[in-house]
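As written in TrEMBL, here are the features:
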| type | residues | note |
| --- | --- | --- |
| BINDING | His24, His26, Lys149, Asp267 | Zn(2+) 1 binding site |
| BINDING | Lys149, His182, His211 | Zn(2+) 2 binding site |
| MOD_RES | Lys149 | N6-carboxylysine |
Amino acid sequence: MSTNTIASVRGPLDLANVGATLIHEHIFGLSPEIHWNWPDLPEKWDLERRALEAAERLNEIKRLGIDTIVDLTVIGLGRCIPAIERVAAHTDINIVVSTGIYTYDRLPPYFGNKGPGSIFGGPDRMVEFFVRDITEGIGETGVRAGMLKCAVDAAGITTDIDRLLTAVSETQHRTGVPITVHTDSEAKSGTEAWRALSRLGVAPDRVVIGHAGDSTDLDYLSRLADRGLWLGMDRFGIETTSFEDRVATVAALCRRGYTERMVLSHDAYSFNDRVDPVVVSKAHPNYHYAHISRDVLPELRRRGVSGSEIATMMVENPRRILEVQ
Ligand SMILES: [Zn+2]
């Protein structure tokens, strides 16, 4: 079963209005415990100022033709929905938020110390929380999540990651929203992530293999796409894989017939207290929301990727992913 609307910060969003979408971005990356204890740090958190700054950046990409962004900031990355609501008040772009946990190996102790097999036992509340975020709303905001997020990094499926994938899969079955799984392309952990999710009964078209685009291994990527998974070509601007390699990989996969399996994004933040902004802007000068619109799409066109193929990756594929099924 599917519906015609998805959840967004401003309320139900008609699928027809999702439009050109950046499917893996962040607005704020925050470390609340640090802010509580060292509030005088230079990266001082000033909500209204940061909300206006984020809205300005989002308004810029709206002018460049982007209609929707998916903010994949979940527990572990400092999700703060009241702050996102302040951003949404100053921009017309659609913002879809998400739920889940970002960790590479161990669950945060709040979850890890409870539940079956843990030292203190008791009920495991992950599914309860994730389902509530999707069906009722997050905290007291009433803003519902439209995507699930988890990670399988180089450490693979540890005991805690197995618990997380089980909870995310259970939530996916109950709610129908899609999953983005962060993966490590060097370790090719997308393969392992999919093996686990498929064992848990998740359909491949409900899964985006996040950071697949860090890889230039066309065979690895083709094998994932052949299974019906979505490839997240979603770190444009992060120079650990060069612009040339990222663009060439997308163009090559288009030629191989995988246009209908790719989505493009940056994994960028407007404000992220976990990185040094000066260092980042020097080492990764194109790591921002506008890079795809300004640089990547024109370069793909120059390399023979057609306008309709670009529309497939920017509009149709995100819509098919976000549609609740
Ligand atoms: Zn991310």
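Cβ coordinates are placed from backbone N, Cα and C, and glycine is handled just like the others.
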Binding-site residues near ligand 1 among Lys149, His211, Asp267 (Cβ under 6 Å): Asp267
His24 (Zn(2+) 1 binding site) versus His182 (Zn(2+) 2 binding site) - Cα distance in angstrom: 10
Fewest-neighbour residue among binding-site residues, criterion Cβ within 10 Å, set His24, His26, Lys149, His182, His211: His26
Binding-site residues near His211 (Zn(2+) 2 binding site) (Cα-Cα within 10 Å), from His26, Lys149, Asp267: Asp267
Packing count at Asp267 (Zn(2+) 1 binding site) (other Cβ atoms within 10 Å of its Cβ): 21
Extra residues within 8 Å (Cβ to Cβ centroid of His24, His26, Lys149, Asp267), Zn(2+) 1: Glu25, Val70, Asp71, Leu72, Thr73, Thr180, His182, Gly210, Asp234, Ser265
